[in-house]
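Right, one structure below, let's go through it.
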Amino acid sequence: MMTPVCVPLCPPQGKPYVFDRVFPPNTTQEQVYHACAMQIVKDVLAGYNGTIFAYGQTSSGKTHTMEGKLHDPQQMGIIPRIARDIFNHIYSMDENLEFHIKVSYFEIYLDKIRDLLDMTKTNLSVHEDKNRVPYVKGCTERFVSSPEEILDVIDEGKSNRHVAVTTGVLPVLGCPQRVPMPADMNEHSSRSHSIFLIHIKQENVETEQKLSGKLYLVDLAGSEKVSKTGAEGAVLDEAKNINKSLSALGNVISALAEGTKAYVPYRDSKMTRILQDSLGGNCRTTMFICCSPSSYNDAETKSTLMFGQRAKTIKNTASVNLELTAEQWKKKFEKEKEKNKALRETLARLEAELSRWRSGEGHPEIWGGTPRSGREPQLWGGIPRAPSGDPKAERHKYEEEIRKLYKQLDDKDDEINQQSQIMEKLKQQMLDQEEVLAAARGGGEAARRELAALRAEHGAARAEVTEVLAALEELARSYDRKAQEAEDTGRHNRRLADELARTEVGEAQAGQHRAEQWGWGGAQRGKQWEIMGNNGEIMGKQMGNQWEIMGEQWEIMGK
């Protein structure tokens, strides 16, 4: 709905500015969202790119419009409502769709791109992808799976964003000079342009069709007049950079609005470079023009309205970001080959007709304009009836048609070459995947062989352990036998000692009557001592053998 709005300037009859919608100060956040932002969410989920940004002077309500109070259901702005709405739409879509959602949050401060999710990245650069679409290289990307996770990312980024207090300056009645206002103009003035990017990729698991869409949510810093804000020091430097980047944005808007300039100065600012696709490119863009209700800011309000008026004339051409499958590329390639073949046949026939014409032969059927193939009208529009006049004019007509056909043929060749390159890339990707798969299979086979070897080694180790255990058991049994033999020998020796003691006692008691037999008794005792020595020698040899056997067994156990 187109609604004219007239900004009250001096004189009261002001210039009308026409916009799509105009919201009075008492409009709720929900009304703004439903009127201007809800449709873009559906478009992004359908594979389009989208951008929403707010423009206006400082303290005019840009951050309130874009963010609001993040966790207040009534006062939350566009960004948190979009976060909630995205997942509500996803939950109601086809179950065969698989979604991947990632977000980035960065700011442009003093013409440097700072990652708000990683404060170590303070000067990121802008590059172009294979489709020549600008993007911020190295910016942190977070995968999210719920609205709460998106809000957590926003909270984290907001805590790192640059804000400052801007003081208003008003003329005091009776005083020719301006003095500071008692209250601050904006207690939390954004000192940077912030961009919150939501990138949604979806894939149909049945058809393998892939769509992607990017949604840029931009909160611009406000334009400032230093004479009003009283900025000085670091705040003054920030204001200069803010106004410089906004001026670059205005130049881009003006160049696009005129539509006659071959060069659009996107590269004059990093902000316009990032938003290049949003301004006159493949994107559906919504711009909020935020104005101050104070008559003291009428000059800034008029400038803002003029900026919005120019921006409204820009025409974007949005298209679905569709990634074709290999089968779809193949069908498209075959279709283009058929078109190319038909064009070549038509061209060959026309060249033959032209040769015959130059040789002086007439061909009335050609002048009737009836094509020989049913496909020719779609390919080159047929040959118009040649006028019955000068043959040179007719020849020129044919040559002109042939040049057109050559041009179409060249265009088709270029298109086929592009499709061929894409096919080659897809084939290379398939080969790479096959190599990866073969490597994985080879790795699996090697792992199986290694597992079999480990199992065989484990079996051999178990057999060896069984043998060692059997040897230990045999050693234990041998030790028990030797111990028993040693014990028996000890008992025998003790018995001999007892007998010797009894013999000595008997001899002592015999007394005198055996005195004459002392020689014989001494010999007897010598024999007994000899017997005991022999027994001791036998016991020593037996014990030595036992210790030798035990040493050999322990050596086996050590191995």
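Along the chain as shown, residues are numbered 1 onward.
Even glycines carry a Cβ here, placed using N, Cα and C.
Packing around LYS62 (ATP binding site) is summarised by its Cβ count: 24 other Cβ atoms lie within 10 angstroms of its Cβ, all protein chains included. Taken from TrEMBL, the feature ATP binding site covers GLY56, GLN57, THR58, SER59, SER60, GLY61, LYS62, THR63.
Here TrEMBL flags 319-360 (among others) as coiled coil.
TrEMBL lists 395-489 (among others) with the feature coiled coil.
Summed and averaged per residue, pLDDT over the domain 'Kinesin motor' (1-314) gives 82. The annotation domain 'Kinesin motor' is assigned in TrEMBL to 1-314.
Annotation source TrEMBL lists region 'Disordered' at 360-395.
In this structure, of the binding-site residues GLY56, GLY61, the smallest number of CB atoms within 10 A of the CB marks GLY61.
DSSP gives GLN57 (ATP binding site) a strand state. A simple way to gauge crowding: the CB of THR63 (ATP binding site) has 24 other CB atoms within 10 angstroms, across all the protein chains here.
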